[in-house]
Amino acid sequence: MKEYVLLLFLALCSAKPFFSPSHIALKNMMLKDMEDTDDDDDDDDDDDDDDEDNSLFPTREPRSHFFPFDLFPMCPFGCQCYSRVVHCSDLGLTSVPTNIPFDTRMLDLQNNKIKEIKENDFKGLTSLYGLILNNNKLTKIHPKAFLTTKKLRRLYLSHNQLSEIPLNLPKSLAELRIHENKVKKIQKDTFKGMNALHVLEMSANPLDNNGIEPGAFEGVTVFHIRIAEAKLTSVPKGLPPTLLELHLDYNKISTVELEDFKRYKELQRLGLGNNKITDIENGSLANIPRVREIHLENNKLKKIPSGLPELKYLQIIFLHSNSIARVGVNDFCPTVPKMKKSLYSAISLFNNPVKYWEMQPATFRCVLSRMSVQLGNFGM
């Protein structure tokens, strides 16, 4: 009988911990970048192990003569700890837990009731790569909270009550998501020295054009910025020239001026849907010659924007739900076929006054197929 109980205990100890779907999603989200990150300071790594064993989330169980993982890892009460991931979401926490393992790479604290990040909450977490604090009640983050997290790459602060972007963020940060807070201003030195920052998501904040101080993005190489659902009345002119994606949907922009995109010549995706745009000045789109996708749906345009035929790489253009009453035969395609490097894969024109039978078939001569054009209930 004793032998049976002992075997049962060993079986239970060897069982894998249960991961909620949100944890699995977060793990997959950070998997690729984490595997590509050097981990030379990990004392547990063996030089003789293959690449699969060295990855943060190995596809097979770690090698052990007795058990597939440590029986007694240091882990905050109520949390799940595995493969240097500490999963503490949905626990009703009011503060950052103690006893977080020093070698933690990802810390998930979302869906709690944390109001403040204190100076020493992340002290000693020198290997921290991803920190998730979405959907808490944060109003304050201590200026020295990230002093020791010099390897932090992803910081998620969405759905909180922060009135400003935290100061002294790690210079290593590549992705900052601070969606749906109360941020009204981006100060000049907010991103100073953050040369690794590539993604900035800060939609659903009460930010207007005056809230972006001159020089706020000086020296940074951000590729993706989303400031949707804000209070912008025009395209911001002081964003990084390295931008590949700019999403300004659901604002109050009424006009696109000639100089608006002059700084963003590398732009490939532009989101201006659900604004109040009545006019796009001639020549303004010529400043983004590499653009591949433009969203202008749900605005107040009365005509097709000029300059589309000259955009050699444009593949997707959404113009539905506007006030367009006429479409010319050369509004989308160049007169010289060889000028177009990429054919259109999607053109949407439904919910406009223009009738489909009033458009000449040659209007869409540079699309991949008839199904690429959406005219409401009628395809081409």
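Here the Cβ of each residue, glycine as well, is placed from N, Cα and C on the backbone.
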Checking 119-165, 166-212 against Swiss-Prot, the stretch recorded as region 'Interaction with TGFB1' is 166-212
Bonded to Cys88 via a disulfide in Swiss-Prot, from among Cys75, Cys79, is Cys79
So, in Swiss-Prot, which cysteine from Cys81, Cys366 is disulfide-paired with Cys333? Cys366
Counting Cβ pairs closer than 8 Å, which of 174-193, 196-219, 266-287, 358-380 has the most of them with the repeat 'LRR 9' (313-334)? 358-380
Other than its own, how many Cβ atoms are within 10 Å of the Cβ belonging to Asn282 (N-linked glycosylation site)? 11
DSSP assigns the residues of the repeat 'LRR 1' (103-124) as 0 helix, 5 strand, 17 coil
Where else in the chain does the repeat 'LRR 4' (174-193) make close Cβ contacts, counting only residues six or more beyond its ends and a cut-off under 8 Å? 134, 153-165, 167, 199-208, 211-220, 226
